[in-house]
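Just passing along the structure, written as structure tokens.
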Amino acid sequence: MASRVICFLSLNLLLLDVITRLQVSGQLQLSPKKVDAEIGQEVKLTCEVLRDTSQGCSWLFRNSSSELLQPTFIIYVSSSRSKLNDILDPNLFSARKENNKYILTLSKFSTKNQGYYFCSITSNSVMYFSPLVPVFQKVNSIITKPVTRAPTPVPPPTGTPRPLRPEACRPGASGSVEGMGLGFACDIYIWAPLAGICAVLLLSLVITLICCHRNRRRVCKCPRPLVKPRPSEKFV
């Protein structure tokens, strides 16, 4: 009997898209409308029959990765019995009836169970189908925050003159001047002019000493001749 039901459903559900558009009405209500499941999570779907005139409910599944329109029969459940598809694991799928609600339980969700689930009932020789419920793996989206660049600090204006090489003679923002000296890069701009001035002064002093020494050698140190007085000058 169960195999006949499976064959009957398989033949009638080849035109699933057309049938669902024609027969989906207020007879069936499926909840939740969408499921984002994690791997290993238990998933429960509830098919509520608003007019309980059916003898049972069938759960079906359409794989999202399959190109075939034919869905896969999962389980048939009624108030007295339930029949699972022979190719499915009984530890994975189970179903039960509570009043006018038919509950399908997927014990451990995996990627191969992703797809669209729906239920079907037969009432007065008419098949009714519920809307498709997408059941897919939950995607954890990672939101990256934009990186904002810190504004470049502007140094305050100062009244002191800028050095010739500020990058060499001025310490950095995080650096510190170590030791007593300013460093060779800065000392050369201070001592070079001083050394030049000292050299000019020394050269001037040497030239002055040489000139003075030559002038002293030109002075005649010979004794002066004695001038004898004339006779006319003696008896005046």
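Glycine too: its Cβ is placed from the backbone N, Cα and C atoms.
What Swiss-Prot shows for this protein is this:
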SIGNAL    1-26  signal peptide
DOMAIN    27-130  domain 'Ig-like V-type'
TOPO_DOM  27-189  topological domain 'Extracellular'
CARBOHYD  ASN63  N-linked glycosylation site
CARBOHYD  THR144  O-linked glycosylation site
CARBOHYD  THR148  O-linked glycosylation site
REGION    150-170  region 'Disordered'
CARBOHYD  THR152  O-linked glycosylation site
CARBOHYD  THR158  O-linked glycosylation site
CARBOHYD  THR160  O-linked glycosylation site
TRANSMEM  190-210  transmembrane segment
TOPO_DOM  211-236  topological domain 'Cytoplasmic'
LIPID     CYS211  S-palmitoyl cysteine
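Quick one: how deep are these features, and who are their neighbours?
Mean pLDDT across the domain 'Ig-like V-type' (27-130) comes to 88 in this model.
On its own chain, ASN63 (N-linked glycosylation site) has THR72, LYS112, GLN114, GLY115 as residues at least 6 apart in sequence with a Cβ closer than 8 Å to its own Cβ.
The number of other Cβ atoms within 10 Å of the Cβ belonging to THR148 (O-linked glycosylation site), over all protein chains shown, comes to 6.
A sphere of 10 angstroms centred on the C-beta of THR152 (O-linked glycosylation site) encloses 5 other C-beta atoms.
The 10 Å shell around the Cβ of CYS211 (S-palmitoyl cysteine) contains 9 further Cβ atoms across the protein chains shown.
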Whole-number Å only: compute the distance from the Cα of THR152 (O-linked glycosylation site) to the Cα of CYS211 (S-palmitoyl cysteine).
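Computed Cα spacing between THR152 (O-linked glycosylation site) and CYS211 (S-palmitoyl cysteine) is 64 Å.
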